[in-house]
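As given in Swiss-Prot:
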- 942: active site, proton acceptor (ACT_SITE)
- 823, 824, 825, 826, 827, 828, 829, 830, 831, 846: ATP binding site (BINDING)
- 385-394: compositional bias 'Polar residues' (COMPBIAS)
- 613-622: compositional bias 'Polar residues' (COMPBIAS)
- 663-677: compositional bias 'Low complexity' (COMPBIAS)
- 712-724: compositional bias 'Low complexity' (COMPBIAS)
- 741-765: compositional bias 'Low complexity' (COMPBIAS)
- 1-67: domain 'REM-1 1' (DOMAIN)
- 149-226: domain 'REM-1 2' (DOMAIN)
- 231-349: domain 'C2' (DOMAIN)
- 817-1076: domain 'Protein kinase' (DOMAIN)
- 1077-1142: domain 'AGC-kinase C-terminal' (DOMAIN)
- 70-139: region 'Disordered' (REGION)
- 357-403: region 'Disordered' (REGION)
- 592-622: region 'Disordered' (REGION)
- 651-807: region 'Disordered' (REGION)
- 457-505: zinc finger (ZN_FING)
- 525-576: zinc finger (ZN_FING)
């Protein structure tokens, strides 16, 4: 449908609504029945609202047509037309303020930082995108609960939501009716009259519900307008927090219903009795008393819910013996919890006088709060710790946030198909943690590694889904249950179905495909076209429901009617016209036939070949035959004994980690390789179980996301095969950023010309040889980047250190130290203060139990942490904690680190506010530390006040490298769910691929906390914090300096590609911001700036700057009862290390 047809369609709907309104007005004048008049008034009110909606959409469509006309008249899209389209495409409800573009610093060019030089440009030197690409799309300022309220102004999003919801409810109810009809027939056959009558009553109710759902669906389909808009894709994203069933206590008050279509009665009958039933997961948990006036006085219901998703309200009339449903409403408990959280935060911030970023700096205070002229620039809420000295911002008449009582959710909600209901909700979560809504210590979370099941390259892991999913193989629903999902391509199916998957994972290249594996020569591609999804459809690949209404993300095959997301269509196999079940039957038949032929061939060879024929073929002929890739004629000539011996030797000569294999270990391929005798040590076949791993930096033992790792990629390809490198800007320093595609084959050709014996340096390193370390000379900022031909400075890639680097080789053990105090505790161990017995020098020793490391599959994570320490040691970075030694005992491993006696910033901010200058100083040093990490291909992923230590000279040092990820250059991505909840970027929560920009989001949260002594995204548990990160707009004191608000807006941008620091210049985008205009970065790096605060200690062993919760514990190593096997101990080979400095 083109724009002309859409305009015509909307015009017809406008005329129809006007005719209905006029008819209702005429009917109202001709009747005196108050009940009829009330119903006509409701119809006219809804008609006027629909009329406004249609007229608004007509204006949007006309403006879009006008914008397209302007584009066609010009040579290219002008900035005016781009911004014009932005205003047109913004869907109804997108009214939240947008952060400014991250490159918008030209207005502050006169305030450039001193000493920045050419490395801190006023704007990013790389080309920008389209004219309107720098401004992120505004976020919707409504919740799902707002959409089901009767008087919601967001009619467009409500139509999309209800189309999806009602269509799904209708599908479920129709399946339910089929089951009831079978029950009626069964009871009739058995002669059970009572059960038959009960089932018949349920059948009548189910049929009536289907009638109501069809009426509601038809109503919303008539209101829907097919206009391409980028609406929020809600249910098609598996959010780990928002879709989780909740447990707790739900309180409901039912007050009234009105404008419902009551059941028809006789002329002289009284008004029917009406009651409301409340269901939780299809179980009736509450029922109101009957009412004849549609009102209830004291209907309070409180009941516990256990892992419940949704509450259903059904309004019944009882005109005769059996009640008849007349209206329905569905409310998700997570929506109630989100509304309660937002109301509480809004009440606290309003009482404190905080506003959104667009109102900061305005002269008039918010209307709810009269601010006096004596108030300071900004201060923390009075309940935050350390704010007693600066509590003048909130006047006495404003209630402090701690006294703000959370009010229940109250309002009129829309019933389907007609009517409204007045409800009041409250919900108290069960087992809620304490202190999550305040600034304090919070542990990091990390997604645990799951058992991986491989099938045709898919890496299936079992997952629990909290929304309705459809199996991509058999097409049935998963329905709130566990299923299998590929970690790489997100293919989703039943647990019982994953073994029948016949399609190859997109992450598996053709080179990795087994040449003997069965393939279907059915190559009929689908013809996917965009379509407006008006009903409940599911993606045939990932199993999630398609977004309703928008053509942008919905595709449908014009031949076989298969539906998929736009981003999933390239993953759908070319089986148009063939179901997956049929494809699986064909492949099973091919496998059976091949096995039969193979068995026959082997039996024939055993009967006909003479013993002497084994040696009749010369080695030269075998070598000649092996040069033909398609020839497999000689693979069956060797005897079974020789083949088994060759396979055994073949598997032993390629030591590989014991992790999940990427390719199948079919005996056919191994036999072929054994007979061909083609350099087994360079082969890429996986090892057999139980092989001893190589400890030259090989991963796969506990890395949360080893599939992105450079080392696992080397293992997958084999040591001798050409290694496919990840993108690194340093590799392209002398190449134009926009080089022609013709240059790429030459680069690939050069990579293929590498010698087969080329091995990564980490595998050639001799662990017995001491490695010379670079001198700890502070690098100059003039030499840290290499400018490319395109003008984009890119960091030079330095070689990664080996996890088995022994350093100087000097042996250090547990008997060298005395433990003095406990400084902190973590997931697998603790950090203790220790002194050497000889020199009495103090060190912080991180102690981890081997048993826990192996149980949680974290061996590779420990190796990675050591490698990151060596990266920090490489240049003795002034703001990174350095490693002095590593050693191990039979039960534990130990990291010997420098002792920072000033405590962490969390302790100091709890003692008092930092102020702007102090926060700016710490932020500058943290920025340089992150810059160094990113220049060495490391993302930190756990930036928080707890991990930033303060030295006695007042400077900071970042500690705890347990969540760092290596080999993360510009453009590299990973997908592990990890971090501390308050600091996790939205892309992590949305289970998307992410890169270095997650560190800059956490950097924004850190600056916010240092300036305002509280988190920008708060909640009483992790789920509420995740909700806030995805939905809330950070608030600021009304007189907060504009430079501070600006950098926070740009860092806390939810779109990672628009976030400050996400470009190839990385930290330089942050360093050039007006917030740091007075910072001399060279002086900061060389510690020439006087720190604003110096921590105090009474003696060298004084631990008063650490939490007494830890320091009060006796510093002893608890005995470990378990004994590790020799194979487990081998996992830690090469861990010991000694630095060449003290």
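Note that the numbers count up from 1, one per residue, in the order the chain is shown.
The backbone N, Cα and C atoms fix where each Cβ goes, glycine too.
Taking the features listed in Swiss-Prot, we show where each one sits on the structure.
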| residue | record | DSSP class |
| --- | --- | --- |
| 823 | ATP binding site | strand |
| 829 | ATP binding site | strand |
| 942 | active site, proton acceptor | coil |
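Rounded to a whole value, the Cα-Cα separation of residue 831 (ATP binding site) and residue 942 (active site, proton acceptor) is 17 Å. Shown are the binding-site residues 823, 831; the one with the most C-beta atoms within 10 angstroms of its own C-beta is 823.
Residue counts for the zinc finger (457-505) by DSSP state, with H, G and I taken as helix and E and B as strand, are 3 helix, 16 strand, 30 coil.
Annotation for residue 825 (ATP binding site): spatial neighbours 831, 1110, criterion Cβ-Cβ under 8 Å with sequence separation of six or more. Rounded to a whole number, the distance between the Cα atoms of the residue listed as 'active site, proton acceptor' and residue 829 (ATP binding site) is 17 Å.
The separation of residue 823 (ATP binding site) from residue 942 (active site, proton acceptor), Cα to Cα, is 19 Å. Each of the recorded positions 829, 942 was ranked by the number of other C-beta atoms within 10 Å, and first place falls to 942.
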